[in-house]
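Participant: Pulled from TrEMBL, these are the listed features:
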- B:76-258: domain 'ABC transmembrane type-1' (DOMAIN)
- B:17-38: transmembrane segment (TRANSMEM)
- B:72-100: transmembrane segment (TRANSMEM)
- B:112-134: transmembrane segment (TRANSMEM)
- B:141-161: transmembrane segment (TRANSMEM)
- B:213-231: transmembrane segment (TRANSMEM)
- B:237-257: transmembrane segment (TRANSMEM)
Amino acid sequence: MYDKIFPPKKMLLPNGKIVYEKRSRTPLVLLVLIVATILSANFTNFSFKVLFTQIGQFFVLIGDMIPPKWSYMSTLWSALFATLQMSLLGSMIGAVLALPLAVLASSNIIRNRVVTAVFKVILSLLRTLPTLVTALIATFVFGLGPTAGVVAILLFTLSYVGKLLYEQIENVDMGSFEAMESTGMTRIQAFRYAVFPQVLPGYLSNSLFCFEGNVRYAAILGFVGAGGVGLLINENLGWRDYPRVGMIILALVVTVYLIETISEHFRKKLI
Amino acid sequence: MTTVEKQLRASPRNYRYFLSVSLIVAFLFVWSLWVVNLKDMNQSGFKMALNILKGIVHPDLDLLLSVSKQSVLYLLLETVAIAFLGTIVGAVLSIPLAFLAASNIVPKPVAWLTRLLLILIRTIPALVYGLMFIRVSGMGAFAGVLTVALTSIGMLAKLYVDAIEELDTRVLESMTSIGCTTFEKIRYGIFPQLLSIFMSVTIYRFDMNMREASILGLVGAGGIGAPLIFAMNSYKWNQVGSLLIGLVVLILIIELISNKLRAKLIKG
């Protein structure tokens, strides 16, 4: 289509051959990007004037958070641990549940096309729902508190790890699987000894990575009443008690950093 | 003993390491179990779950298909606009930060400091930024754009840094040897190497920002989040259903497009 409107450039080579150089798509892409940017800017009332005159407010807020209120740490521990517990439990159960779902969704293990399609759709639908929305729904079903947070994290982990896992299983070298089947193993045995060892390191590493992210998600789930540190952030921001917010954020940053370091260590070992 | 058995026996076994890791994991699991409290979950919970399901199956079609300012389509458009503009602003701001954090371009201490800043930016939850930016620009989509931009910087800059540090310097050396100027080196040596990776990463982040933008409404920063939480808190499950269906369809479409585009970019 594009080539018809802007015909390719003709070039005569020294040996008499004619070659065509396709016109670059860059101007078109740039044009679309610029138009979309301007439209979005109008739509969201983006204005540089407001940004430059008001941005000071943002740094005033950050200034209010420094220095953090150290004494608040003593009341923070339980919420911080609840956040960690929520993300740990949700990640562990979710990762374990992802295993059977991923197997059912991989087309080289399950021969039935319908089954694999259904499970793939389930996994991608679960993944599109933002965690906070799942948590909100979960608070209606499981009541306010960390249980709802665990459910939300569980569902997200399930979909994330499940998707990566079935992609891995589908890319596995099937030679050993077939060899084992031909020696008389059942499909389940063959899966256990031929496919499972190949995907295990990747699976564990993905689960750990997901857990890292989940700690961050768990920190905001409190905004919808699903327990953990988010509840305190929301409260203290509401009361404009910024030194306390600063303390919570500092504690979170340190926790997330520690967890990332530990998990990175194990992930490097796995791969 | 056959050779096969010998090989089997010879494989390294670190039972102790394996056992201690499993013990720690088991301990963490049991410790985390304390947090679960199923006491609050009773008959009404099940009824609620049924109601929610019923609402999602019978969405409010008026809301879903009309084109007024409260309709799902308008809200979705606003959400996309927030995510798009936020991604663009974030991507533009990330580029200088990424060069400042690349240890093969600037001195080590500078790179280290910039990385620390990036970690800080990444860890603070988006909703906190949202609440802070509302003080800057007032309620509405503008605050959402600023929030999405700032949270994008954390991830984008980190992935850009990875790309910059993997730059193939041999290309630059050969360009120097044939007498290219600095500008030519940047234009033909560095730019082509980075552009496709940067674009692919940015498109991926746009995909993520869609989800981010859809929850920012919770704190009043525009998008589909606010109507969603209002509908939920007033138990209008059929409205919740139509909002959720719109959101899920939109995110799936954008994910599909983004995957296609990125596959094309990587293949070249």
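Glycine residues also receive a Cβ, built from the backbone N, Cα and C atoms like all the rest.
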Participant: Are the transmembrane segment (B:213-231) and the transmembrane segment (B:17-38) close, by which I mean at least 3 Cβ pairs under 8 Å that are 6+ residues apart in sequence?
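Facilitator: Between the transmembrane segment (B:17-38) and the transmembrane segment (B:213-231), which are separate recorded stretches, there is no contact, as judged by 3 or more close Cβ pairs.
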Participant: Tell me whether the transmembrane segment (B:237-257) sits in contact with the transmembrane segment (B:17-38), defined here as at least 3 Cβ pairs under 8 Å among residues 6 or more apart in sequence.
Facilitator: no
Participant: Is the transmembrane segment (B:141-161) packed against any residues at least 6 beyond its ends, judged by a Cβ distance under 8 Å, and which are they?
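Facilitator: Distal contacts: 78, 81-83, 85-87, 89-91, 93-95, 97-98, 101-102, 115, 118-119, 121-123, 126, 129-130, 133-134, 194, 198, 201-202, 205, 208-209, 212-213, 216-217, 220-223.
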Participant: Are there residues at least 6 beyond the ends of the transmembrane segment (B:72-100) whose Cβ is under 8 Å from a Cβ of it, and what are they?
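Facilitator: For the transmembrane segment (B:72-100), the far contacts come to 63-66, 106, 110-111, 114, 117-118, 141, 144-153, 156-157, 160-161, 164, 198, 202, 205-206, 209-210, 212-214, 216, 222-224, 227, 242-243, 246-247, 250, 254.
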